[in-house]
Amino acid sequence: MARRRAFPAFVLRLWSILPCLLLLRADAGQPPEESLYLWIDAHQARVLIGFEEDILIVSEGKMAPFTHDFRKAQQRMPAIPVNIHSMNFTWQASGQAEYFYEFLSLRSLDKGIMADPTVNVPRLGTVPHKASVVQVGFPCLGKQDGVAAFEVNVIVMNSEGNPILRTPQNAIFFKTCQQAECPGGCRNGGFCNERRVCECPDGFYGPHCEKALCIPRCMNGGLCVTPGFCICPPGFYGVNCDKANCSATCFNGGTCFYPGKCICPPGLEGEQCELSKCPQPCRNGGKCIGKSKCKCPKGYQGDLCSKPVCEPGCGAHGTCHEPNKCQCREGWHGRHCNKRYGASLMHAPRPAGAGLERHTPSLKKAEGRRDPPESNYIW
């Protein structure tokens with residue numbers, strides 16, 4: 001004798017009301033013309049009731065006959081079992097037809113047992129032209145055993161904004177939930193859901209919600225103990241332990257970044273930035289910027305900024321004494337030491353036929369004469 005197949009009570013109860021609930025889809029091919037279709041596909045139907053056929057809910061833009069008295073039918077509908085956490089629906093707008101939808105309500109009526117149902121699509125949008133899945137989730141909280149009622153209210157409209165016949169459809173369903181236990185428990189207000197996974201409140205994370213979340217994160221080995229609060233190790237302080245508490249002061253503009261450690265500006269070194277990298281100090285206001293390297297102010301140059309700069313220079317008869325000030329050798333003068341004393345007299349033209357000695361001025365007379373203005377010098 002053949003053994004009869006055993007069905008769960010949920011399946012048997014669904015089978016008992018199939019004649020008034022379900023219109024099986026006869027044409028499994030492409031939807032004809034331009035219209036709207038919504039159905040539970042064969043795979044999902046098999047999971048729910050063990051019957052592998054498409055179940056039409058909306059056909060050719062109209063609600064299926066079993067939905068006409070849906071409230072009466074759902075009173076006999078069994079609760080969704082513990083092991084079923086979601087249900088998939090498939091919908092499609094065929095041809096060029098445009099349909100719009102809105103989930104007016106997704107609400108748990110027993111919030112201590114189940115949270116509000118979820119959907120994987122925006123609550124307001126357009127029905128796609130390609131067959132797509134809409135998943136409705138039933139999030140049991142895992143806090144207690146019980147049956148939760150929940151409401152799904154959706155309206156579908158055509159391109160003119162008119163609701164299709166018999167929508168909005170306001171349906172009440174029931175979901176069986178059971179208390180869950182998470183190994184190790186859930187801390188800091190987290191709760192164990194029916195999948196035995198801790199769901200953590202804002203600010204906590206981890207397998208047991210044992211870790212607090214600090215933004216910005218705790219630095220330098222700090223420990224986040226509650227959201228936004230760090231315990232800092234010795235030597236550090238600040239909201240996120242980003243500041244070092246130096247026992248000694250950093251000199252010369254140094255910055256403390258770690259207990260006993262200073263970041264020194266260029267040219268300085270030492271634990272407290274007290275040492276210059278230049279063995280001999282920079283002169284004339286220069287600053288040490290590296291090992292034996294000075295940055296000189298304008299007007300000076302050289303390794304120690306000891307050499308003044310004269311522009312364009314003092315020529316062959318002078319030396320630069322101060323910035324843009326030349327010290328000329330004896331017999332030379334001028335800003336750049338390029339003018340010679342007595343040069344105009346020595347090179348003046350002699351009268352024709354005159355003797356050299358007769359018309360050459362004596363040294364005493366030459367010394368007694370005033371030099372002409374520098375601008376009249378020939379050089």
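Just so it is clear, glycine is given a Cβ too, placed from its N, Cα and C backbone atoms.
Keep in mind the model is a prediction, meaning the values are calculated, not measured.
Residues annotated as compositional bias 'Basic and acidic residues' in Swiss-Prot: 356-373.
Cys177 (disulfide bond) is surrounded by 25 other CB atoms, counting those within 10 A of its CB over all protein chains shown. Residues or ranges marked as disulfide bond by Swiss-Prot: Cys140-Cys177 (among others).
Cβ neighbours within 10 Å of Cys192 (disulfide bond), excluding its own Cβ and spanning all shown chains: 21. Residues annotated as disulfide bond in Swiss-Prot: Cys182-Cys192 (among others).
The disulfide bond annotation in Swiss-Prot covers Cys186-Cys198 (among others). Cys198 (disulfide bond): 24 other CB atoms within 10 A of its CB, across all protein chains.
Around Cys200 (disulfide bond), a 10 Å sphere centred on its CB holds 21 further CB atoms from the protein chains shown. Residues or ranges marked as disulfide bond in Swiss-Prot (evidence: similarity to another entry): Cys200-Cys209 (among others).
Within the same chain, residues at least 6 positions away in sequence whose Cβ sits under 8 Å from that of Cys224 (disulfide bond) are Lys211, Ala212, Leu213, Cys214, Arg217, Cys218, Cys230. Taken from Swiss-Prot, the feature disulfide bond covers Cys214-Cys224 (among others), and the record attributes it to similarity to another entry.
Sequence annotations record features per position, and here Swiss-Prot assigns disulfide bond to Cys232-Cys241 (among others) based on similarity to another entry. Secondary structure at Cys241 (disulfide bond), as computed by DSSP, is coil. Cβ environment of Cys241 (disulfide bond): Cys218, Met219, Asn220, Gly221, Gly222, Cys230, Cys232, Pro233 lie under 8 Å away, each six or more residues apart in the same chain.
Long-range C-beta contacts of Cys262 (disulfide bond), restricted to its own chain and to partners at least six residues apart, with a cutoff below 8 Å, comprise Cys246, Cys250, Gly254, Thr255, Cys256, Glu271, Gln272, Cys273. What Swiss-Prot records for Cys250-Cys262 (among others) is disulfide bond, and it gives similarity to another entry as the kind of evidence.
Taking a C-beta cut-off of under 8 Å and a sequence gap of six or more, Cys264 (disulfide bond) has these contacts in its own chain: Cys250, Asn252, Gly254, Gly270, Cys273. Marked as disulfide bond by Swiss-Prot: Cys264-Cys273 (among others).
In the three-state DSSP classification, Cys294 (disulfide bond) falls within a strand. Per Swiss-Prot, disulfide bond is recorded for Cys282-Cys294 (among others).
According to DSSP, Cys305 (disulfide bond) sits in a coil region rather than a helix or strand. Marked as disulfide bond by Swiss-Prot: Cys296-Cys305 (among others).
If you look up Swiss-Prot, you'll see Cys310-Cys320 (among others) marked as disulfide bond, on the strength of similarity to another entry. When other Cβ atoms within 10 Å of the Cβ of Cys310 (disulfide bond) are tallied across all protein chains shown, the result is 21.
DSSP assigns Cys328 (disulfide bond) to a strand. Positions annotated as disulfide bond by Swiss-Prot, on the basis of similarity to another entry: Cys328-Cys337 (among others).
As annotated by Swiss-Prot, domain 'EGF-like 4' applies to 274-306, with the evidence given as sequence analysis. Averaged across the domain 'EGF-like 4' (274-306), pLDDT in this predicted model comes to 82.
Residues or ranges marked as N-linked glycosylation site in Swiss-Prot: Asn88 (among others). Taking a C-beta cut-off of under 8 Å and a sequence gap of six or more, Asn88 (N-linked glycosylation site) has these contacts in its own chain: Ile40, Asp41, Gln44, Val133, Val134, Gln135, Val136.
Annotation source Swiss-Prot lists N-linked glycosylation site at Asn245 (among others), citing sequence analysis.
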Cα proximity to Cys294 (disulfide bond), best match among disulfide-bonded residues Cys192, Cys209, Cys328: Cys328
Those disulfide-bonded residues listed as Cys182, Cys294, Cys337, and which of them has the most Cβ atoms within 10 Å of its own Cβ: Cys294
Between Cys186 (disulfide bond) and Cys200 (disulfide bond): CA-CA distance (Å): 8
Candidates Cys186, Cys198, Asn245, Cys282, Cys320 (recorded positions) with Cα within 10 Å of Cys305 (disulfide bond): Cys282
Listed disulfide-bonded residues Cys177, Cys296, Cys310, filtered to Cα within 10 Å of Cys282 (disulfide bond): Cys296
